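**Q** Please see the structure below; I have some questions.
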Amino acid sequence: MKLWGQILWTLLSVPRGRRGVLQGWAFNSWKTYSSLTGPLSATGMVNHWTRVFEERGIPEARESSEYIVAHVLGAKTFQSLKPALWTKPLTPQQLECIQELCGRRLQRMPVQYILGEWDFQGLSLKMVPPVFIPRPETEELVEWVLEEVAQRPHAVRAQDGPLILEVGCGSGAITLSLLSQLPKSRVVAVDKEEAAVSLTHENAQRLQLQDRIRIIHLDITSEGCCTHLLPWSPLDLVVSNPPYIFRKDMEQLAPEICSYEDLVALDGGDEGMDIITHILTLAPQLLNASGSIFLEVDPRHPELVSSWLQSHPDLHLSLVGVREDFCGRPRFLHVQKSAP
């Protein structure tokens, strides 16, 4: 899982190229299949499109072509296909579908949007642009929350399971992972974008988890947003992968991100702290006496968040833990509420 996670990270993190050149590549710049010799098999298509992607500067060329060919053949990954299918000649319909999907990849559409689904914490989630694509490191945030619930059962309501708020639910990846692994838990999930609210609803229904989730179309930066959430307090946990990219870094994002994903879900303001500070200001009003906040952040944020909390002692919040992602960067924060 972590290997594929690193592949996904590369797909979504390469330096931004010249976007104006990309759109013309889709259907007029690859060699035709007629130039290929031998049967047009799955392996042949992977090799062909890998070369095309490499020629056009598409990141992770082989992985992209393998995912697409496997998808057309009804599998999650190329390696999971039966070996007999690797060399079996493809039908004209399959070849046409592969060409269409690879054309989208040439336009730098993320593989997740091309396939229309992606796995997260073992769950198959529908993916629709421009809703934010869950990154592999966010799985580690979920794992940390699960560890905390297991190690500190006294800090959550033992009988009913934890009551959790997710800020910025996107596709529902974090919320639905927690619901699926904490059978007695309940989640209130909020997002300011209607498309994200709709997609979380759909994914919850696909996974039959809709009975334990309340999804609210809400901007937590809006005045009076707390009044919409108070009926569910006191909460045990707040979890979020908020917009945290420094505004000056937005121009360096890959074309896959800039052209297709909702940039509002990424832009965290000048220091990437705009939504983070809103969450930290809101959470104490909703959490129980020893409730916790788990955040995914930029590696520069642990120091900034610690300093900000020290300058706001009235919130009664303390940074009690920092964890690194699989690349060794400080990526996750655990902030805990204490008694006044």
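Every residue number used here counts from 1 along the chain in the order it is shown.
Even glycines carry a Cβ here, placed using N, Cα and C.
Quick paste of what Swiss-Prot says about this protein:
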BINDING   Gly168, Cys169, Gly170, Ser171, Gly172, Asp191, Asn241  S-adenosyl-L-methionine binding site
BINDING   Asn241, Pro242, Pro243, Tyr244  substrate binding site
**Q** Looking only at Cys169, Ser171, Gly172, Asn241, Pro242, the binding-site residues on record, which one has the least crowded Cβ, with the fewest other Cβ atoms within 10 Å?
**A** Pro242
**Q** Return the residue, from the listed binding-site residues Gly168, Gly170, Pro243, with the maximum count of other C-beta atoms within 10 angstroms of its C-beta.
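**A** When each Cβ's neighbours within 10 Å are tallied, Gly170 tops the list.
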**Q** Measure from the Cα of Pro243 (substrate binding site) to the Cα of every one of the binding-site residues Gly168, Gly170, Ser171, Asp191, then give the nearest.
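**A** Comparing Cα positions, the candidate nearest Pro243 (substrate binding site) turns out to be Gly168.
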**Q** List every residue in the same chain as Asp191 (S-adenosyl-L-methionine binding site), at least 6 positions away in sequence, whose Cβ is under 8 Å from its Cβ.
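**A** The answer is Gly168, Cys169, Gly170, Val197, Thr200, Ile215, His217, Leu218.
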**Q** Could you state the CA-to-CA distance between Tyr244 (substrate binding site) and Gly172 (S-adenosyl-L-methionine binding site) to the nearest Å?
**A** 18
**Q** Max CA to CA distance in Å over the S-adenosyl-L-methionine-binding set Gly168, Cys169, Gly170, Ser171, Gly172, Asp191, Asn241?
**A** 12
**Q** An 8 Å radius from the center of the Asn241, Pro242, Pro243, Tyr244 Cβ atoms defines the neighbourhood of the substrate site; name the other residues of that chain inside it, in order.
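**A** Residues close to the substrate site, other than Asn241, Pro242, Pro243, Tyr244: Gly168, Ser240, Ile245, Ala265, Leu266, Gly268, Gly272, Ile275, Ile276, Leu295, Glu296, Val297.
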**Q** Compute the mean position of the Cβ atoms of Gly168, Cys169, Gly170, Ser171, Gly172, Asp191, Asn241, which form the recorded S-adenosyl-L-methionine site, and then list in sequence order the other residues of that chain whose Cβ is within 8 Å of it.
**A** Val131, Phe132, Pro134, Glu166, Ala173, Ile174, Thr175, Ala189, Ala196, Thr200
